[in-house]
């Protein structure tokens, strides 16, 4: 039986009901495993990973393989309380598939279902990856050696849903699609006291204001305007009443760049600014910058151009060339080790990714699946 829209909608809705946070996707894993086991064939191997227990890989041995093609779908959700009113909304309080990973999984299940009935020409590995949102599951998988030996894809593909695109429209580019990110935390240790006697202490609130303004010069004065970048502080915490200077202020934010070199330059400059402000104010400032897991998603130019060629040939597939986005995705870490391409899939919603009201248009599922399946078969028909 061919994979149809109702199949994909069922998978998506079932998974939407049971969202789970990074590395705790046990119900999700069980659901995926039960579905996949129901399609078991003699040319399919299901692999579970002891060190990463919610991960799963499904390998189809090809009829005449000259390569191994990989497809990755992330499976975790976000700590968001859903506010959609859908009949299949989250049954897990405070957790929601607000980034569309239910969509990603439904497409991957569709691939497994289809290729269990149509043995591919080349080897195919479908990777269900935990912990994209916060625990760097892509890095964990690579560092554990999951993709070594017979489980090594020669090329990797992935899809991410995009509310700003029409339902079913695919989009990518030959180059960097998503930014690399670094998470920033700063703790300013001043000396608190009575607000009427600021000269007797060291006011971390005033120092934080100075630091916040200086950090905004990193992009405007240290980054090539053609390359771009982002330094955004989304959290400031300090003090507990109006007439007491606190001892500490905590800042947190994100740093983003379209290149690894750009990200390295920005984080170095941030550290220099923090050190300078600490010295100028005679206080201690601790800075933490987490980098290395959410690298830029750099599409391999040859593979991306090959995919673009396929899209040009298929007038029945809605496609538009993408612009680079400041979105972060740990698929970038995988692509540092295995060449590949990530695409957007339009899901047509007025609410953004990570919104409690995100409600994707399920009309995107079948065209997204068909385009993905057809591309994989076309790619395999090309030979080496």
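Every residue gets a Cβ built from N, Cα and C, even glycine.
Here is what Swiss-Prot records for this protein:
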type     : residues : note
ACT_SITE : 74       : active site
ACT_SITE : 133      : active site, proton acceptor
Cα-Cα distance linking the residue listed as 'active site, proton acceptor' and the residue listed as 'active site', given in Å to the nearest integer: 9
Fewest other Cβ within 10 angstroms of its own Cβ, chosen from the active-site residues 74, 133: 133
